[in-house]
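Asks: Here's a structure for you.
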Amino acid sequence: MGILYLVVSFVLLLMLRVPIAFALGLSSLGYIYWFMPAAVPLTVIPQIMSSKPASFPLLAIPFFVLVGELMNATGISERLVDLAKAIVGHFRGGMGIVSLAASALMSSFSGSSVANSVGVGGITIPAMKRQGYPAPIAAGIESAASSLGTVIPPSISMIVYGSLTGVSIGGLFIAGYIPGILEVIALAIIIALIAKRHGIPVAERQPLSVIGPAFVRALGVLAIPVIIIGGILLGVMTATEAGAVGAVYTLLLALVYRTVTWKLLYRVLLRTAVTTGVILTVIATASVLGYVMTYERLPAKAADALLSGLSADWQIMLVIVLLMVIIGSFMETNAAIAIIAPVIVGITAGTQLDPLFVGLIVVVSLSIGVATPPVGVCLFTTAKIARTTIEKVSVAVTPLVGAVVLITAILALLPGLVLWLPRLAGF
């Protein structure tokens, strides 16, 4: 009865468009009040809510959010688009491939899919439309490409998962490269086929006299992931410290480029604070739900139910991929991780599956949700930029999302491939 109340109340609150953080908190509060023993005081709630966000690894979140906000607000992301256009603009797919390449580059700095769709999409979507792409397809390409922000490190979602489960955040970062590269290849193939179907013209190959200056202009920006990932790999910095160094470096870069003002910096810091507050509030209220689920032994029950019907690890992983794709379509990625992570740990604890491998597949599977209806935040962002409807973009993005789902399912069957780089790096 208690579980039924929890599920129904949560879903009803979401249907009433109550923000997910409050929906989580209110449904959990009601459960504790009506279904838990009287010996459990309501004062336990603020204690639980304050314990999870008070985590050193989670301190990395505002820093990586700040990096993305600075890059978008100061025009630094334009340098990445110019570089991508100079290098891959002549490929079949034209600006579609440029949008993909720029999003992949942006992902290695910001750690956010939304930052990708705003920073890169604001430049490439109008350019794709000018090249002949229909508006829904231009928006769909950038929506799918923006999902790389959750996969290619540094990823805010990986930080959230690692901090909640104890899985190495650095290991998750390194493990994200192979899925990211494979997704880029798969998306590039689909974009090229779409461009051929719509007769998108192929641009001329740019000479070194164009590529060279574009590379030099972007050189300072390209140093950001080297500093962040290099510092983690060398053991010089934790993910949190790397995020702080990356944020300071990005600010210094904006000062050198003379693209930041006090007024702009204030707006950037305000947006960073709001975004960080939303993420940490979701984590705080989800921790109360986690307390309730532990009381109900939900992770153990879910493990028993799933493992009783499946006999092999690969079957478990495919079911996890399917469930995560569905959940990601209805819930924001970090909120889903905060709720699902304890259940996933409970399900896989009795198996031979590596926690790092499981965590990576969970994050990659959930990342697909940013480009799928009904909650795909990147769909809304790119549709607004392209001045088209969500319904049309949802149709246009289908083959791209299908390619990413296929890649994710294949990776779920190949733990050796996913863990190759982390093991090589000593994780």
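Heads up, residue numbers simply count up from 1 along the chain you see.
From the backbone N, Cα and C atoms, a Cβ is placed for every residue, glycine too.
TrEMBL does not curate its annotations; it predicts them automatically.
Annotations for this protein, taken from TrEMBL, read as follows:
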DOMAIN    7-416  domain 'TRAP C4-dicarboxylate transport system permease DctM subunit'
TRANSMEM  33-49  transmembrane segment
TRANSMEM  56-77  transmembrane segment
TRANSMEM  97-125  transmembrane segment
TRANSMEM  167-194  transmembrane segment
TRANSMEM  215-236  transmembrane segment
TRANSMEM  242-260  transmembrane segment
TRANSMEM  272-293  transmembrane segment
TRANSMEM  305-327  transmembrane segment
TRANSMEM  334-351  transmembrane segment
TRANSMEM  357-381  transmembrane segment
TRANSMEM  393-421  transmembrane segment
Asks: Quick check for me: are there 3+ Cβ pairs below 8 Å between the transmembrane segment (357-381) and the transmembrane segment (215-236), leaving out pairs under 6 residues apart?
Replies: no
Asks: Within the domain 'TRAP C4-dicarboxylate transport system permease DctM subunit' (7-416), what mean pLDDT does the predicted structure show?
Replies: 84
Asks: Given pairs 6 or more apart, does the transmembrane segment (97-125) have at least three Cβ pairs under 8 Å with the transmembrane segment (393-421)?
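Replies: Since fewer than 3 Cβ pairs under 8 Å link them, the transmembrane segment (97-125) and the transmembrane segment (393-421) do not come into contact.
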Asks: Same-chain Cβ contacts of the transmembrane segment (167-194) under 8 Å, 6 or more residues past its ends?
Replies: 57, 60, 91-93, 96-97, 100-101, 104, 107, 137, 141, 144-145, 147-148, 151-155, 158-159, 161, 229, 232-233, 238-239, 355-357, 359-360, 363-364, 399-400, 403-404, 406-408, 411, 417-422, 425, 427
Asks: Against the transmembrane segment (242-260), which of these stretches has the most C-beta pairs under 8 Å: 56-77, 272-293, 334-351, 393-421?
Replies: 56-77
Asks: Counting only residues 6 or more past its boundaries, what in the same chain has a CB within less than 8 Å of a CB in the transmembrane segment (334-351)?
Replies: 20-21, 24, 156-157, 160-161, 164-165, 279, 282-283, 286-287, 289-290, 293-294, 298-300, 302-303, 306-307, 313, 316, 320, 324, 327-328, 358, 362-363, 366, 369
